[in-house]
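*Asks:* Structure incoming, see below.
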Amino acid sequence: MILSVIHIFLYFVPVLLAVAFLTLTERKVIGYVQLRKGPNVVGPYGLLQPIADGVKLFIKEPIKPSSSNPSVFFFAPMLALILALLLWMPVPLMDAFIELNFAVLFVLAISSLSVYSIMASGWSSNSKYALLGALRAVAQMVSYEVSLGLIILSLICLVGGFNLAQFFSAQEEVMLMLSCWPLGIMWFISTVAETNRSPFDLTEGESELVSGFNVEYSGGPFALFFLAEYANILFMNVLSALLFLAAHFSLLGVAVKVGLLAGLYLWFRASYPRFRYDQLMHLAWKSFLPLSLGLLMLNFSLPLTFSGIGGGL
């Protein structure tokens with residue numbers, strides 16, 4: 001029992017530390033883009049800033065709106081963080097926490113459940129801003145999960161299995177990002193939209209919704225939402241590296257490729273304005289859905305066609 005707890009602790013603490021320093025990196029990058037230093041006071045070069053932010057948030061009193069549903073209100077951020085950490089369990093970086101033959105389907109299933117934590121937080125806050133932000137987030141995540149699912153199905157047709165280890169062996173000769181670059185580009189843009197990041201951060205339209213679905217949260221519950229969001233960002237980058245960039249040869253290779261993808265996320269946030277909501281939906285349903293569906297049909301029919309030709313010969 002004690003060893004199991006230690007195993008869980010050792011598996012998830014590096015994820016939370018990576019999340020903490022991703023926030024510091026983001027603030028530094030945005031600072032330099034805006035020709036300023038960013039955090040540089042707490043600790044050497046500002047390295048202790050994430051710890052100071054976390055301590056400040058967790059020692060603050062969590063304020064409950066008088067008209068909210070308290071049980072759902074405080075359960076939603078815990079659910080968000082639990083689901084974000086569950087996503088990491090089948091990832092074989094050093095040693096997977098659980099070995100799953102259907103790891104890709106597990107990832108899709110858990111990522112789709114995160115919609116419920118956002119919906120619960122928006123509804124239980126009993127605030128119009130929070131509810132509108134939650135509705136936007138749910139619509140956006142459901143829309144882009146369709147294209148993510150179709151892209152993964154296309155890759156499964158090419159690789160021939162649902163296990164992440166099979167993606168490693170399939171990329172020994174050439175990365176899937178080179179052979180399937182349209183799928184790779186659509187996948188990356190869809191992951192940005194799935195994690196509600198700029199330029200697809202319609203859920204946090206500050207000029208319209210103040211802060212979106214988490215507008216009524218403060219202190220520890222807000223920090224849990226924050227940790228869940230950045231854990232999802234890191235996980236999507238790790239998954240992108242595993243699926244498309246053949247990031248399985250060394251932990252250093254994984255770290256470098258994930259760092260480059262995270263840098264693209266931060267570059268997008270510093271550079272691009274927010275999409276209009278109708279443009280966001282048109283991109284999902286009128287561009288990505290037909291294209292990913294067509295590529296799925298192509299990738300599904302080609303092996304059948306060539307196997308039929310081989311059998312005839």
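Including glycine, each Cβ sits where the backbone N, Cα and C put it.
According to Swiss-Prot:
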TRANSMEM  2-22  transmembrane segment
TRANSMEM  72-92  transmembrane segment
TRANSMEM  102-122  transmembrane segment
TRANSMEM  148-168  transmembrane segment
TRANSMEM  173-193  transmembrane segment
TRANSMEM  222-244  transmembrane segment
TRANSMEM  249-268  transmembrane segment
TRANSMEM  293-313  transmembrane segment
*Asks:* Compare 173-193, 222-244, 249-268 by their Cβ pairs under 8 Å to the transmembrane segment (2-22) and return the stretch that comes out on top.
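*Replies:* Comparing 173-193, 222-244, 249-268: 222-244 has the most Cβ pairs near the transmembrane segment (2-22).
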*Asks:* Determine which residues of the chain contact the transmembrane segment (222-244) at the Cβ level, with the cut-off under 8 Å and only residues 6 or more beyond its ends counted.
*Replies:* 15-16, 18-19, 22-23, 54, 57-58, 77-78, 80-81, 83-85, 87-88, 91, 93, 107, 111, 114, 117, 121, 152, 155, 164, 167-168, 175-177, 180, 183-184, 187-188, 191, 194-197, 214, 254, 257-258, 261-262, 265
*Asks:* Using a Cβ-Cβ cut-off of under 8 Å, list the residues of the same chain that are 6+ residues beyond the ends of the transmembrane segment (249-268) and lie near it.
*Replies:* 22, 25-26, 29-30, 93-94, 188, 192, 197-199, 233-234, 237-238, 240-242
